[in-house]
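Asker: Copied straight from TrEMBL:
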- 327-336: compositional bias 'Low complexity' (COMPBIAS)
- 136-249: domain 'Palmitoyltransferase DHHC' (DOMAIN)
- 316-369: region 'Disordered' (REGION)
- 36-54: transmembrane segment (TRANSMEM)
- 60-83: transmembrane segment (TRANSMEM)
- 182-206: transmembrane segment (TRANSMEM)
- 212-233: transmembrane segment (TRANSMEM)
Amino acid sequence: MSAVMITRKVRKWEKLPGKNTFCCDGRVMMARQKGVFYLTLFLIAGTCALFFAFECPYLAVHLCPAIPVFAALLFLFVMAMLLRTSFSDPGVLPRALPEEATFIEMEIEAANGNVPAGQRPPPRIRNVQINNQIVKLKYCYTCKIFRPPRASHCSICDNCVDRFDHHCPWVGNCVGKRNYRYFYLFTLSLSLLTIYIFTFDIVHVVMRKYPLTVLEVLVCFFTLWSVVGLTGFHTYLISLNQTTNEDIKGSWSGKNRGQNPYSHKNIIKNCCEVLCGPTYPSVLDRRGLLQEDSTLVSSMTMSTVVYLQKTTAPLIPNEHTPDDAKPSIASSAEKSASPKEEHPAATKFPPLASPETDAETSIAKERAH
C-alpha cells in the first residue's frame, strides 16, 4: 500500500464547530432549526398578500391612494430587518485552539494547586473590574475559553455568543451583540405593520362588510398582543441596557446583587449605545482560506503492477472475440512469445520405399543389361 498527500484549500466556515448552517459560501449563517423561521415568513407574507389583494384596491380608490404605498414600504422594511437578523453572525466567539486550551488548563491547575482525591475542584472563574464593580468570567468547558462579560453559551447553536440575549426560533438564529439592533427594529416595525393592517381591516369591514376581511382582523388581533408585548419588553430592556438572559437570571436584581455596571443611568444614553453604537465586525473570518491535508491510499504499488503485467498470459482469440480486438490480441501474443518457446525447423528425410517404386527400379535395371 502507498499513501499520497494532497493539499487543498477550503473555507474556514466548512470547519467551524457548532450547530450552524451556512449558505452562499459562508455569507449566510443560521441555526439548523429553521422550521419556525419559515413559518414567520409565511405568516407575514401571507397576511400582507391578503391585505394588498382585497383591501388595498378598495381603500386606495375610496379613501386614500397612499395607503398601499405606505404598507408596501413598511412590509419591505420588516422583511429586510428579519433577513438581516436571521442571516448574520450574532457574535459567535471562536473556540480555543488545542495549544491554547492546553495552556489555559495548565494555568488553571497551577492556580488551583493539587486537589485531593474525592474533593470537587474549585469553579473555574476569573474576576474583572468594570466600572468599579467585580464581574465574574466563567469558563466554558465546550469552547475551552473564559467567556467575556455578558457572553453565554447557546445550547441550541452550541456556540458562545458575545452579549448573548436569547435564541429566537422565530428568526432562526441567536440574538447577540452583532444583530440585536436589527432584531429590535424587526419587532418594532412588525408591530407598526400589524397595527396598520389591523386598523384598515376594521375600516374596510365598516365600509364594505367584506367577509374575508373579518378573518384578517382575527389573525391581526391575536398577533398584535404578542408582537407589541415583545416590542415593549425589549424597549424596557434597552432603556436599562440589559439583556434578556440577564433579566431571566436576575443578574442585577435582588438584595445580594450589585448594580448594572453597563448602564449609564440614563435612558437616552442606554438607547443610543444599543441602537446607535458602532457595528462590530465578526471575529470568525468565515470566508478565510484554510489548507487541509488529505491522504490518498493506493490499492497496489508499482512493482505489483509490473509483476502482474509480466505474469499475465495473453488472450487467444476465438469465435467469441470481437473483430476489433483480434489484431491487438494477436500482436500482443506475438510479442509475448519468447525465443526459447520457438520450435526448431523439422529435418527433411527421404521418402520411404514403397512396393511400386521397387518394381519400377528392377525393370529399369533389366533393360539396361
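Every residue, even glycine, has its Cβ placed from backbone N, Cα and C.
Have a look at these and tell me how they're positioned relative to everything else.
Answerer: DSSP labels the residues of the domain 'Palmitoyltransferase DHHC' (136-249) in these numbers: 65 helix, 19 strand, 30 coil.
Counting same-chain residues at least six beyond the ends of the transmembrane segment (212-233), those with a Cβ under 8 angstroms from any Cβ of the stretch are 43, 47, 50-51, 54-55, 184, 187-188, 190-191, 194-195, 197-198, 201-202, 204-205.
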Asker: Could you please provide the mean pLDDT value for the domain 'Palmitoyltransferase DHHC' (136-249)?
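Answerer: 91, rounded to a whole number.
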